[in-house]
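Feature annotations, reproduced from TrEMBL:
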COMPBIAS  1-12  compositional bias 'Polar residues'
REGION    1-29  region 'Disordered'
COMPBIAS  16-28  compositional bias 'Basic and acidic residues'
DOMAIN    314-344  domain 'SWIM-type'
Amino acid sequence: TTVPDSNPQSVIIMSRNEHEHEQEERNPTTRLRNPTTIYKTGVTNIMKPFGVALISHDENAKCYNQLFTSINALAVQEFNQPCLINHVMADGALGITSSQQTVFPHSRRMMCWFHMIQKCRLHRNLVTKEQWVSIDADIHAVQLSFSDDVFNRGIDLLIQKWSATPATKKFSDYFVDQWITKLPYWYEGAAFGKPSTNNGCESMNAIIKQKYTLRNKLHLSAFLPKMEQMLTDWSEASISSPFATATSISPDMELHAYKWSVSINRSDILHWFNTFYVVPSSTTTITPSVWLDLYRSGQWASFDDFVAWQTSCWLVSPLTSCTCPIGLKQYTCKHSVGLGIVFNLYQVTDKTRCEPLGKRKGKGRPKKVRTALLL
Ligand SMILES: [Zn+2]
C-alpha cells in the first residue's frame with residue numbers, strides 16, 4: 001500500500017543489539033505518531049526516506065546483518081514487500097561487505113570514494129613524491145568513468161601504465177587487491193546519477209553528535225528520548241524544507257548554461273540515440289563523432305589516450321544528466337541545462353537573458369579559451 005502525500009507518515013525504527021542488558025528500559029522499537037516523511041516523486045517512482053538506528057557496541061557482520069534484516073522487515077511491515085536494495089554505500093568495513101552479501105546479495109556494494117582515496121593516500125609511501133602526484137591524478141581521472149565498460153577498460157590501461165614502471169609495482173599490487181578485486185565500485189558510473197560518497201550520511205552523524213548526544217556516550221534510557229526528540233525535530237523541519245526529489249537549477253548555473261547554449265556551434269552537437277547527445281568540451285581535440293567511435297570500440301592505445309578521450313566530449317541528456325565532472329558530481333551542469341535551452345525544454349528568466357554575454361558578473365575564474373579548430 002502507498003500512503004497519500006496529503007497524509008504522510010514517518011516510521012522510525014530503532015533497533016538494538018541483543019547483547020544490550022537494558023531489557024526493561026523501554027521497548028526498543030519506537031514509532032513516532034506524526035508528522036511523517038513519505039514522499040512521492042511520480043506515479044511509478046515512489047521514494048520513502050526512512051531511518052533505522054541500530055544501537056550496538058561493535059561493528060561486526062552480525063550487527064550489520066541485524067540492521068539489514070531490520071530494513072527488510074520494516075519494508076514488509078510498512079509496504080507489504082521486501083525492499084529492493086540496488087546499492088549499499090559505505091566505507092570499507094568488512095562487516096558491511098559480508099552482511100550485504102548475505103542479506104542483499106543482488107545489490108552492488110559501493111565503496112565511498114572519499115574513504116577510498118584517503119586509504120590510497122595512506123599508501124603513498126610505497127612510491128616517490130613525484131610518482132604519487134601522477135598516481136593521484138590517474139586515480140582521480142579514472143574515478144570519473146561514467147559506466148562499467150568505460151571503467152573496466154580504463155582501469156586495465158591504468159594498471160598497464162603502472163606496471164610498466166617497476167618502482168610503482170608495489171603500489172599497483174596493493175591497488176589491484178584492494179580497489180579492483182575486493183572493492184571495485186568507487187567510480188561515478190558504478191551507480192550513475194547517485195552519490196559516490198557517504199558524506200551526506202557522515203555529516204548527519206556529525207549533526208547528531210553536535211546537537212543531540214553532545215559527543216557523550218549515553219545510557220539507553222537517556223539515548224532513546226534524545227533520539228525521539230531529534231526525529232521529531234527532523235520530521236517537523238521536513239515540512240518547511242521538504243525532501244528534494246529533483247536537483248534545483250541555481251541562477252548562477254542557469255547563467256552558465258545560457259552562455260554555453262549561445263556559444264555552442266549547433267553542428268557540433270551530435271545526436272546519438274533517444275535523448276542522448278555528444279557535445280565537445282572546451283578543450284577538445286576530437287569531434288563528437290570520433291569520440292563516439294572511440295567509445296563504441298573502446299580502442300584506446302594507452303591510459304593517457306583514455307583520459308584525453310574522456311575529457312574531450314560529454315554525453316548529455318538535456319535536463320537529466322551529463323558525463324562532465326560537474327554533471328557527475330552535482331547532477332546538474334551547464335551542458336544538460338544548456339541543451340535544455342537549445343531544445344526549448346527550459347525557459348531562462350529575463351534576468352539571465354539580459355545579462356551581457358561578453359562580461360562576467362562579479363569575480364570568478366577568467367573565461368577558458370576555447371579550442372577554435374575542431375578536427
Ligand atoms: Zn556537463
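In case you wondered, yes, glycine gets a Cβ from its N, Cα and C as well.
According to DSSP, the domain 'SWIM-type' (314-344) comprises 15 helix, 6 strand, 10 coil. Predicted-model confidence for the domain 'SWIM-type' (314-344) is 96, expressed as mean pLDDT.
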